[in-house]
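Right, one structure below, let's go through it.
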Amino acid sequence: MESKKKVVIACGGTGGHLFPGVAVAQEMKRRGHTVRLLISEKKVDAQASAKYGDLEFDTVPAIAKPATLSLKMLPFLWKLLKTTAKCKGLLRKFEADAVIGMGGFTSLPPVMAGKKLGAKTFVHDSNALPGKANRLTAKWCDKVLLGVEEARPYFPESAIEITGTPVREELYSLPAREAAAEKLGLDPTLKTVLVMGGSQGAKQLNSLVVQASKAMPDIQFIHITGNFDHDRVKAEMGEHCPNHKLIAFCDDMPSIYAVTDLAIMRSGASSLSEISYLGLASILVPYPYAAGDHQTKNAEVFAAANAAVLRQESDLDAGMLVADVTHIFAKSENLEKMSAASAALGVKDAATRVCTVIESL
Ligand SMILES: CC(=O)N[C@H]1[C@@H](OP(=O)(O)OP(=O)(O)OC[C@H]2O[C@@H](n3ccc(=O)[nH]c3=O)[C@H](O)[C@@H]2O)O[C@H](CO)[C@@H](O)[C@@H]1O
């Protein structure tokens, strides 16, 4: 019989790391393993993990490496060592057999601690252009699990497993559109556009969508602004916008996706794994300041497959957004083709694939 393992999943820092970590935890638990998630002390992690009361979380300090070699490296290295020592304590107490880091420098100390204690170590990277922390960690960990083929050239071939990026189990089956629309205060019969800015800010995109929606009164918009930008967008929208609903942060993505016909969003890897899992069409506007412009690389995968329209924020105006949305909705076959292309990029069994690799070592 398969031996049961104790697995630590390091997934702090942003929703893009946390939610795939939750997805892995849910599947490992379902298979009878014991799991513990390490997240950061940031508010965003506390907010995003709050609804997963059946999972066990510990916090470790968030670590960010300075962009350039400077004196700032000294406090970074000190924090790295201190946090690794703290992680060693947590891992010893938990008697971890395996540690998987879901990306970002916040994942580095737990995986380093796991390596020092002789646990099996893994990193998962969901992006087409992998992050620096994962490229560093991959040099000495047992397996590198990738969300997309495009990341393959950045890692040692012998360590690679292509798994896709897991989505949380509540997305496996969505509520009915009518029920979800009622819950969200929307009209289920109207074409519905989801706007999702991502964790790092989408001020300009948020403003452009507000202008664009005013020109498309027959289409309804459900717009996640991010906590930081909600009041500004609300003020900008003004009083009478019956077709445009704002949410600061949503802890019920299944309902949101159940009513979505088209998404206008950043191209963070986790959001992309979700829309492809669900076969949703999109207009992608990469976050312009993402490290190495990796969101453009993510979006290019979707645009090349005709699953999405790719627009750079610097070139975009409200008129272009109106034209894109109008064109996509003009014929049902436009949306159907994009949706089918999106679904073809989705990896339905990503959680199973990740867990099978962890179990195999
Ligand atoms: C700016 C930046 O560098 N962001 C990076 C960050 O993702 P970042 O956290 O910005 O964004 P992602 O799109 O990857 O993930 C967002 C996640 O949050 C969820 N969500 C979002 C809004 C909300 O109200 N409720 C909610 O649950 C989404 O469903 C999704 O699961 O890590 C990703 C994975 O390495 C990268 O691809 C992104 O480029």
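Each residue, glycine too, has its Cβ placed from N, Cα and C.
A TrEMBL annotation is a machine prediction, not a hand-curated record.
Annotation note: Gly16 (UDP-N-acetyl-alpha-D-glucosamine binding site) sits in a helical segment as assigned by DSSP. Among the features that TrEMBL reports, UDP-N-acetyl-alpha-D-glucosamine binding site is placed at Thr14, Gly15, Gly16, Asn127, Arg168, Ser199, Gln295.
As annotated by TrEMBL, domain 'Glycosyltransferase family 28 N-terminal' applies to 7-145.
Under the heading domain 'Glycosyl transferase family 28 C-terminal', TrEMBL lists 192-353.
The highest number of surrounding Cβ atoms within 10 Å, among the binding-site residues Thr14, Asn127, is found at Asn127. Neighbour counts of Cβ atoms within 10 Å were compared for the binding-site residues Gly15, Gly16, and the top value is held by Gly16.
Proximity of the binding-site residues Thr14, Gly15, Gly16, Asn127, Arg168 to ligand 1, judged by a Cβ distance under 6 angstroms to any of its atoms, singles out Thr14, Gly15, Gly16, Asn127 in sequence order. DSSP classifies Gln295 (UDP-N-acetyl-alpha-D-glucosamine binding site) as helix under the three-state reduction.
When averaged over the domain 'Glycosyltransferase family 28 N-terminal' (7-145), pLDDT in the model lands at 94. Around Gln295 (UDP-N-acetyl-alpha-D-glucosamine binding site), the C-beta neighbours below 8 angstroms that are at least 6 residues distant in the chain are Arg266, Ser267, Gly268, Pro286, Tyr287.
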